[in-house]
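Peer 1: Residues or ranges marked as transmembrane segment in Swiss-Prot (evidence: sequence analysis): 1-21, 49-69, 75-95, 104-124, 130-150, 160-180, 182-202, 209-229, 234-254, 284-304.
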Amino acid sequence: MDIYSAATLLAEFVLGIIIFPKFIDYMKKLKLGQYIRQEGPDLHNYKEGTPTAGGIVFISLTVIAGLILKLPKELIFTLLFYGFIGFLDDFVSIVKKRSLGLRAWQKLALQFLFSIWIAYTILQYRTSSIFGITVPSWLFYLFTMLLVSGYSNATNLTDGIDGLAGWVFVTSMIPFMFFSKSSMEYKAIFVIIMPLLSFLVYNTRPAKVFMGDTGSLALGAYISTYALMTNNELSLLFFTPIFLLETISVILQVSSYKLRGKRLFKMAPIHHHFELLGWKEEKIVGVFSAWNLAIAIFYIAFFLNR
């Protein structure tokens, strides 16, 4: 990576450190804060009113740096569009003064619509394949719709306690370095990590700002699109075990309650289960991030020693 690119990435972090306090103060003046869902843990009640939609800042910094570094348009537009969906969700939540924003079907419809464009764009320069197996193009479109939208929502589910979604994303994105084939791929990894790290300075417990759906939906879409672009769909599964665990815990919880009338966990997603067991938020973030990275390292070690 050249000095120019490194300086651009460093500037993202520094600007984030400078901008976030101003963003937080501005949101407080407008009284635009997070509403806590009623079915969530009572431990979170004190967080109500905390400025949200912090994703606006790190997405903006990433897009500007991405344009400077001439990153692929798929990544830039993915951040913008999924960030926009999340912003609409946050906006509705704030205006209507409730924890839920857009309806689930509305978010999914918008996510599916844009993922079709992602699949079309990617197929202009790579073969229609899934996990290295050639498939009909319609199946690749379907796979892209499910993967990108699925990861977008998985990251959103993980964003339930201070710092969790951000640190899990960082520990999921960094391992892709080991399979990067060009400087552009390295840049695509760090162009999102650097401003996100500046966000995490203010999102660590007690959080002064939340990323909101603006940030979480965009992050999940970004990492899955990056994996598709670089033919790393299989690696994605091993680099994001916590995102998968959070999603699976919700599916199991809902299925168990519908079929058996019993809950498997004290609360889902599973990070809330550990909260109600008495784990502090810092411990959950540390343990989840460590396991996320450890599983990725084991996969890399296995792959490199085949």
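The first residue you see is number 1, and the count goes up from there.
The backbone N, Cα and C atoms fix where each Cβ goes, glycine too.
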Peer 1: For the transmembrane segment (284-304), give me same-chain residues lying six or more residues beyond its boundaries with a C-beta closer than 8 angstroms to one of its C-beta atoms, as numbers and ranges.
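Peer 2: Residues 161-164, 167-168, 170-172, 174-175, 178, 205, 235, 238-242, 271, 274-275.
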Peer 1: Going along the chain, which residues at least six beyond the ends of the transmembrane segment (234-254) come within the CB cut-off of under 8 Å?
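Peer 2: Sequence-distant neighbours of the transmembrane segment (234-254): 131-132, 147, 150-151, 153-155, 157-158, 168, 172-173, 175-176, 179, 220, 223-224, 227, 263-265, 268-271, 273, 288-289, 291-292, 295-296, 299, 303.
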Peer 1: Please determine whether the transmembrane segment (182-202) and the transmembrane segment (130-150) are in contact (criterion: at least three Cβ-Cβ distances under 8 Å, sequence separation 6 or more).
Peer 2: no
Peer 1: Determine which residues of the chain contact the transmembrane segment (209-229) at the Cβ level, with the cut-off under 8 Å and only residues 6 or more beyond its ends counted.
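Peer 2: Long-range Cβ neighbours of the transmembrane segment (209-229): 20, 23-24, 27, 34, 50-56, 58-59, 72, 74-75, 78-79, 81-83, 85-87, 89-90, 93, 101, 107, 111, 118-119, 122, 126, 144, 147-156, 158-159, 165-166, 169, 172-173, 176, 188-189, 192, 196, 199, 202-203, 235-236, 240, 243.
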Peer 1: Which residues of the same chain, at least 6 past either end of the transmembrane segment (130-150), have a Cβ under 8 Å from a Cβ in it?
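Peer 2: Non-local partners: 78, 108, 111-112, 115-116, 118-120, 122-123, 220-221, 224-225, 227-228, 231, 233-234, 236, 247.
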Peer 1: Counting only pairs at least 6 apart in sequence, do the transmembrane segment (75-95) and the transmembrane segment (49-69) share 3+ Cβ pairs under 8 Å?
Peer 2: yes
